[in-house]
Ligand SMILES: CSC[C@@H](O)[C@@H](O)C(=O)COP(=O)(O)O
Ligand SMILES: [Zn+2]
């Protein structure tokens, strides 16, 4: 389906939800130094064809302006004419949508997500064992253990894409990029936000647990 054929109400709903999530994350200090980017899909999805709204690159995401978002397609091309530049990390969002069919993807840099990505870099994952908040990912097993993948960070962002293709775990709606940040996703903005908040809680827990137990 072409972008013009997607219902105006759907595009407006996406922009409304987008604006709310962005303001909420900004109030928590989750966009330090213009870092972070958000995207939300709109209209029908096939892995070969989809559209999503994404934050414009390099903006101060704590501010709300008419130039915060633009729509792009599965190849990262603008869906409609605009001078805005999509996030420098749009290729990561594209690949996650292609692989998962998610409805929203949120990327933030935090001190805890950066710390655990380095602390557990050798095992290439953060292991979380039996913590209640794992249920936020719809994993209900007794004493569930999950591994959140850690991917290498490259200045040339498209080089990270094959790492996503190779390491994304369909059970785990998020991944870390080493000393960079977290990407978390869900079927819609509500779910993606729940996942992102749970990851951030679990990273703080994993970091503090490791410190408490080191040298014991
Ligand atoms: C300003 S440091 C952060 C950037 O390098 C990048 O990682 C980031 O998250 C934001 O990039 P952006 O192009 O604004 O979406
Ligand atoms: Zn980033």
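Using the three backbone atoms N, Cα and C, a Cβ is placed for every residue, glycine included.
Among the features that TrEMBL reports, Zn(2+) binding site is placed at 107, 109. According to its DSSP assignment, residue 107 (Zn(2+) binding site) is in a strand.
According to TrEMBL, the feature domain 'Class II aldolase/adducin N-terminal' maps to 16-207.
Taking the Cβ of residue 109 (Zn(2+) binding site) as centre and 10 Å as the limit, one finds 17 other Cβ atoms among all the protein chains shown. Listed in sequence order, 36, 37, 38, 89, 92, 93, 181, 182, 183, 184 are the same-chain residues six or more apart from residue 107 (Zn(2+) binding site) with CB atoms under 8 A from its CB. On the 0 to 100 pLDDT scale, the domain 'Class II aldolase/adducin N-terminal' (16-207) averages 97 in the predicted structure.
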